[in-house]
Amino acid sequence: MFLKLFLLLSLVSFSHSDSSSTVSCPNGTDFHQLTTVFRYVSGFNSSWFSSNCSAVITHVVLPSRKLNGTVSWNPIRNLTRLRVLDLSNNSLDGSLPTWLWSMPGLVSVNLSRNRFGGSIRVIPVNGSVLSAVKELNLSFNRFKHAVNFTGFTNLTTLDLSHNSLGVLPLGLGSLSGLRHLDISRCKINGSVKPISGLKSLDYLDLSENSMNGSFPVDFPNLNHLQFLNLSANRFSGSVGFDKYRKFGKSAFLHGGDFVFNDSKIPYHHRIHRLPHRHPPPVRQRNVKTHRTNHTPLVIGLSSSLGALIIVIFAAAIILIRRRMKSARTKSRWAISNPTPLDFKMEKSGPFEFGTESGSSWVADIKEPTAAPVVMASKPLMNLTFKDLIVATSHFGTESVISDGTCGPLYRAVLPGDLHVAIKVLERIRDVDQNDAVTAFEALTRLKHPNLLTLSGYCIAGKEKLILYEFMANGDLHRWLHELPAGETNVEDWSADTWESHVGDSSPEKTNWLIRHRIAIGVARGLAYLHHVGTTHGHLVATNILLTETLEPRISDFGINNIARTGDDTNKNNVEFDVYSFGVILFELLTGKQGSDENVKSVRRLVKERRGEEALDSRLRLAAGESVNEMVESLRIGYFCTAETPVKRPTMQQVLGLLKDIRTVSR
């Protein structure tokens, strides 16, 4: 028993520390990288891992933890010692980066029973064109078509069952060391012959596809196989008694046009072609009765009663299973609440909280219940600062979404299953409380489809906290620069069309119409702010949140006006907002971050009438005739980023120009 417990604990490569404390590790540590990976995933709790900042993570094993959301894969690159990755049986979505398979130490990956999609192939990393992965389980997901296993030379176990591959994955025939292969229920059409050279297989499941081929000549060496399932396919061929006895009748059931040609096989098991789905009609015999005989009647009634009981029992079982399945489905697709940490609540303040950057902020109040949370969107909610502490696990690192220049941003689930983002405004600590309340109340009244309106606020001592609706799709910066191409959050799998055949990108990112719509939305929201006499002052891609339909919503507007300092004098005006929008437009069109260097480079290309060279290659490949629209949009960005502020257009003019681009092209 002790040995089993030890093996179970060893799945995580380092021991858990005391979860009663919240530790903030430097950015370069494995622990920090891991919390960043799951920052947009509901239900993740960093206390599952050691908070020892010097610990090295080799195993990430989190099966059946009710995780829900999109994994931010990029930080996993920095877990250089990672060997085992198991996120099975959760509700994670998106696609997998192609560089994942080239991580040198990664040998076992289990991502089964999630909602992952996209392509699977090895992309060279640091000169390596091969994958070290030996065991790979991607069953019960959403993978389609773009699958290539040419570089997976070390694979011994591969399970791709219950996906929608459509065709046999490329490169399977070259996996000489493969011992276990399961591609059942993958909607595969075509011949089985490409895998006939797999000589090491001892397990092969091809069931419930539409594959064809001649048995046994088109199949791998059957002498080494211990398990075989060819049922529900379109195969043909001759099955001898040795194969029948070894694999059983079920291996060939509905498998195609098989001939069982050995007299030792029972006659009723010799299936020559696909069996009928319904039994043949039973001929009724004429029965002559010369005298009354109650025995047949009793037997008939008994049989009928027995059959009725069996039918009722079977119906009850089916009903129970359907209800259980429905309950499991609802549980799986529901957004799970972050698991609260066991922490000790100080009886009296001040309360100090660490951040990812290593700094800290202090709520200098004696009682956490003394600071109310004012919810403009739900005025009847009775919340206090204590509720925010509990909802964020003591403002722990596992609840951090980001830690930017304005202050840390946390994810929380308040009573009533209200998902919110909480930002600590470090820059306005010294602003008078009454002035802050006046400003917050004014901001809660600004409502527009492209603004992320302030939901509420809390003032705890000098600390000012604001609450927004939580946006699970994250921000524009993350969507453009951090997420792997091919990501999809499409709920209807049967109609999932996000796969792309242009490189490794999805139509979400290669679609100019979507990026143009985002630009229009941001311009519309900013124009509204200027119309009501408010400026943003710090418009960047991380302050533009995306809804489930990729509709943009601007956040943090008006905050710079509260924290007016000498350094911000030139930023609290509409001209600076217009410049910032031009940078955003450049990011949307080039796919590059809006650094000063990139802005200068794009402006130079536009000025030299070489704007097409600056466009994101993913857009150019997929756009076709829309290239002219994108080049014209670059010119709008050029006007917005004019060095002389007075030469910049107004946001209302910018909005009109962006709308005209699509109107003229049509």
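Cβ coordinates come from backbone N, Cα and C, glycine included.
For I401, S402, D403, G404, T405, C406, G407, P408, L409, K423, the entry in Swiss-Prot reads ATP binding site. Listed in sequence order, R427 are the same-chain residues six or more apart from T405 (ATP binding site) with CB atoms under 8 A from its CB.
Residues or ranges marked as domain 'Protein kinase' in Swiss-Prot (evidence: sequence analysis): 395-661.
Annotated N-linked glycosylation site per Swiss-Prot: N27 (among others), in sequence order.
Summarising the annotation, Swiss-Prot assigns N-linked glycosylation site to N45 (among others) and lists sequence analysis as the type of evidence.
DSSP assigns N68 (N-linked glycosylation site) to a strand. The N-linked glycosylation site annotation in Swiss-Prot covers N68 (among others).
The annotation N-linked glycosylation site is assigned in Swiss-Prot to N78 (among others). N78 (N-linked glycosylation site) falls within a helical segment according to DSSP.
Swiss-Prot lists N89 (among others) with the feature N-linked glycosylation site. For N89 (N-linked glycosylation site), the Cβ neighbour count at a 10 Å cut-off comes to 18, with all displayed protein chains included.
For N110 (N-linked glycosylation site), the same-chain residues lying six or more positions away in sequence with a CB closer than 8 A to its CB are P63, L85, D86, L87, S88, E135, L136, N137. What Swiss-Prot lists as N-linked glycosylation site is N110 (among others), and the listing cites sequence analysis.
Positions annotated as N-linked glycosylation site by Swiss-Prot: N126 (among others).
What Swiss-Prot records for N137 (among others) is N-linked glycosylation site, and it gives sequence analysis as the kind of evidence. In three-state terms derived from DSSP, N137 (N-linked glycosylation site) belongs to an extended strand segment.
A 10 Å cutoff on Cβ-Cβ distances gives N189 (N-linked glycosylation site) a total of 13 other Cβ atoms nearby, all chains included. Secondary structure at N189 (N-linked glycosylation site), taken from DSSP and collapsed to helix, strand or coil, is strand. Annotation comment: Swiss-Prot describes N189 (among others) as N-linked glycosylation site, evidence class sequence analysis.
Annotation source Swiss-Prot lists N-linked glycosylation site at N212 (among others). Residues within less than 8 Å, Cβ to Cβ, of N212 (N-linked glycosylation site) and separated from it by at least 6 positions along the same chain comprise G190, S191, V192, N233, R234, F235, S236, G256.
The 10 Å shell around the Cβ of N229 (N-linked glycosylation site) contains 21 further Cβ atoms across the protein chains shown. Summarising the annotation, Swiss-Prot assigns N-linked glycosylation site to N229 (among others).
Summarising the annotation, Swiss-Prot assigns N-linked glycosylation site to N261 (among others).
Annotation source Swiss-Prot lists repeat 'LRR 2' at 105-127.
Annotation source Swiss-Prot lists repeat 'LRR 3' at 130-152.
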Other CB atoms within 10 A, centred on I401 (ATP binding site): 20
Spatial neighbour of G407 (ATP binding site) that is closest, considering only the glycosylation sites N45, N78, N89, N189, N229 and their CA atoms: N45
For the repeat 'LRR 6' (198-224), the number of residues DSSP places in helix, strand and coil: 0 helix, 9 strand, 18 coil
N68 (N-linked glycosylation site) to D403 (ATP binding site) - Cα separation in whole Å: 22
Cβ neighbour count (within 10 Å, all chains shown) around N137 (N-linked glycosylation site): 21
Additional residues surrounding ATP, by Cβ distance to the I401, S402, D403, G404, T405, C406, G407, P408, L409, K423 centre under 8 Å: V424
